[in-house]
């Protein structure tokens, strides 16, 4: 975007931070790719890229919904629980066939999303508190429905998890199509503009007559549906429903992807391309450290460094 | 009897914020047993003064002396320990703790084992509160009490902490009349006990009922101080607003031409007996097409609330709004907007613009659903409308894609006007449309208001700028304490009459009030 | 304004909880999972074969008698036994463990009180105190932590209630604060896994370890035993990759996918529990590998893993036997009759490989 300010000429430092926030994540991905090509054996293979893409696909799908929620100045902590819930419900209803089971999953996810949205938009509970309640309740419900891991042998489900079109796994296709769809909604639809306005200034949106409550509720429902999609895909890939561990800490991975991708936590801006790149960045980082057999604690430290850098860049930018 | 001791002496106090001299060389003296009114319009420096006295801010220059000794507070807690207590509009106690715990917070009675002596605490709390007219179960959480009772608890707590000075910042804004009475009797008791009270309020009746002395602030300076009884209401108001009574009305200071006039048409907007708890008590007004109706009154008189209530942004307790004869569903902004009502809010930055969105998206924000098909934005139509208004209102931005937050105040205001004009409204509610914008933009906005009225829009104009109000309006409705206290039309729309009406309690006002009360 | 949202927030929690409960009730009523027709959970019948056997005490190990402990003799048949489980029964091990205690109590006709701490240590402490208050004469505890048991031990000592801990030890004095500990030797499990790995790979090549959750003694001990034995017996076998799979199947799958990309020549994977091993199998399948391309050895002995041996994907499974019931009650009976019991009772864990997987799958849990 043209960097023209009427009031003051931007400082060089501010300009660097601005650049970092907008393009830092892509630069990070590029650096990691180059480093890996040089130092990691067997990195430059189609198979490897496929693996990374398949592993990151569920994170991307969840992060898309998270980006929308964060765009409204909210946060959705219940996404991991929704993934677990969708795993449970899939296992529970797979006896009717894949499609009916998926419909029931969507129903459950929509209910969780509605509950989140209603608490936030109608009751006025802070998003972090509302979705925390659903996070605890959702995972609890998932474990009540299916207390332990269950192997699934449904062939349609299996092909959903491991099948491909012209060598591109369904998981990657799903993530790509959903990312394009969400990006389109944000840029081209009334709903997208309204979402940004609600996130940037709720009172102004209200006084401008926007359907603030409806926007908020829809955003949380969409987030839950996307999380459920990720949950079903992960379950399909594993060919087992594992509500005890599926989606654990997914909310943090998704928030990280969104923030690293340049979407500010203060709302009013949604960067979908950045969010996808943010998820890819974390995936590549983890993969690099695992492939070189570095201690797992390093991965956490490296992730923390990336988040701190992203938040720092965002903060510098916020000081207008 | 010896003269009462000087409790507080403030000399030459100054405080500057970037771009604003909030307080300039201010003197203030408080004596024991004095109830001192502190008044002034928005931005006069009242809150800055309170924050300097209570240790929230540090002064740039000047000194504060307490009982003759210079003091300097680094934190509000220090000020509190030195004996300065503050009662804010919003009670700042802990809602989940019991009433008694709140009252004794930080100085709870202990028994010999060092444990909390709950029985004694409850007993003493009950006794203390009963002297404030509060009879409640003190073991209940504070939040179960009404706002008035909570305020009393806050007050009792302030007094109990050996306060020598109690500062009350609009303490009655959320109280019922009966509670106000209790508050006054408490204030009188504090006075008799030798405590100095600083009383901040815009309700003149209250000031005259309870205060003995007054300091009037304007633009960060003290413009008057002395006994309140020596100053009649009209002088008080004119001092506060900075108008000499004898001053002749100057023509041509604003860009209003007055080229429009009330057409003899049916009202486009009729508001009847609007009531909003604690804010409005039955406000009625009507606007005809092509008419600019001014809404006058002091800060806190209910002007902004009236506009918001008409626009559906405040839930009504009772009353109704009709647009061109069609009644409106209350409390719904979208319904009001659909009916053709547009509100330019007073707080442009936080309630008007969406700072992170572009000029284009801000202009199109409200009209967007009309420019969309199946939820998809018709970008070409948006560009058309945006370009039209950017040109017509001469909005200065580097491009329609520049963020609104980066524009000057005047251009932001024009963007908001464009947002509403794009909706083809019938009624425009303008709340302080020219506040905080530069002179050039101000003139443009004023000219635009004229043009719009000439085009047949009904306009409600709220302004603290008396000239703007008088020259811009065909008619001025005056509010006081949430009620209509007068209406000036034709040649009566003058500064002097306006101030008299605002001040009230003189022959002119009484006559007006009778008329209003009958209506 | 703030006050009102506060009040609303308080309302929100119970609403959500009751909503969730209602959903749970209705959701299961019309559910139909894949296995509904042939659903058969492991029952006590199959488990009988898999009863724990004592590996030690070797003669000369420390023992304990009721006189030394300071309790009074009683007849186990008329006693009330309290059982405190640490983690929620969401994995096969805990499910089988609790089931085994229940089955044994029913078999012996002993009155059993149970409690589950849901992985919260503070809850386990109050659970045990509850069990004592409800009149438990004897306690069997599966501890969540090793430390912090003093208040409970004092309360039990005051009532002279003997305690047996299973699967994890507590830091206290045996035969004074508690009677005996019954459990597996995790280091030994690691060693035996190494033996299987050496056999499967021929003692040469590169192998990987899928570690359990970090900071868990099971993880450290199973790792130590494995590495020590490899170093000692097969120096040509190199551990080239150690990454955590958090004891979870999905994580095991993801890590293994990275592993086989970057180290295509890997010969074996040691998974510190069955779930990660099954995740590794899923990864190998996804990468188009054939059974036997990579040797997998796991620890636990769940039915799925043993089935993996039958299918050819897994080379060996070291058992960590969760069926503590018979041995725990046997120990209590011996002790309460006044005879001596060992302070440390280490159980002998079984193992599954190609030879016995088919025949012994019924013993797996």
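Every residue number used here counts from 1 along the chain in the order it is shown.
Cβ atoms are placed via backbone N, Cα and C, with glycine included.
Owing to the predicted nature of the structure, the values given are computational and were not obtained by experimental measurement.
Among the features that TrEMBL reports, transmembrane segment is placed at A:23-43 (among others).
If one looks beyond the transmembrane segment (A:49-70) by at least 6 residues along the same chain, the residues whose Cβ comes under 8 Å of a Cβ in the stretch are 76, 79, 83, 127, 167, 169, 171-172, 174-175, 178-179, 182, 186, 195, 199, 219-220, 222-227, 229-231, 233-234, 237, 250-251, 253-255, 257-259, 261, 263, 265, 267, 270-272, 275-276, 278-280, 282-284, 287. Sequence annotations record features per position, and here TrEMBL assigns transmembrane segment to A:49-70 (among others).
The transmembrane segment annotation in TrEMBL covers A:129-147 (among others).
Marked as transmembrane segment by TrEMBL: A:167-186 (among others).
Annotation comment: TrEMBL describes A:215-234 (among others) as transmembrane segment. Same-chain residues lying 6+ beyond the ends of the transmembrane segment (A:215-234) with a Cβ under 8 Å from its Cβ atoms: 57-59, 61-62, 64-66, 68-69, 71-72, 74, 76, 78-80, 82-87, 90, 102, 105-106, 108-110, 112-114, 116-118, 120-122, 131, 160-161, 170-171, 174, 178, 191, 194-195, 198, 246-247, 250.
What TrEMBL records for A:296-314 (among others) is transmembrane segment.
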### Summary
Given A:23-43, A:129-147, A:167-186, the one sharing the most C-beta pairs under 8 Å with the transmembrane segment (A:296-314) is A:23-43
### Task
Using a Cβ-Cβ cut-off of under 8 Å, list the residues of the same chain that are 6+ residues beyond the ends of the transmembrane segment (A:23-43) and lie near it.
260-262, 274, 277-278, 280-281, 284-285, 287-288, 291-292, 306, 309-310, 313
### Message
Which residues of the chain, 6 or more past the ends of the transmembrane segment (A:167-186), have a CB below 8 A from one of its CBs?
### Response
46, 50, 53-54, 56-58, 60-61, 64, 67-68, 71, 159-161, 192, 195-196, 226, 229, 233, 237, 270, 272-273, 276
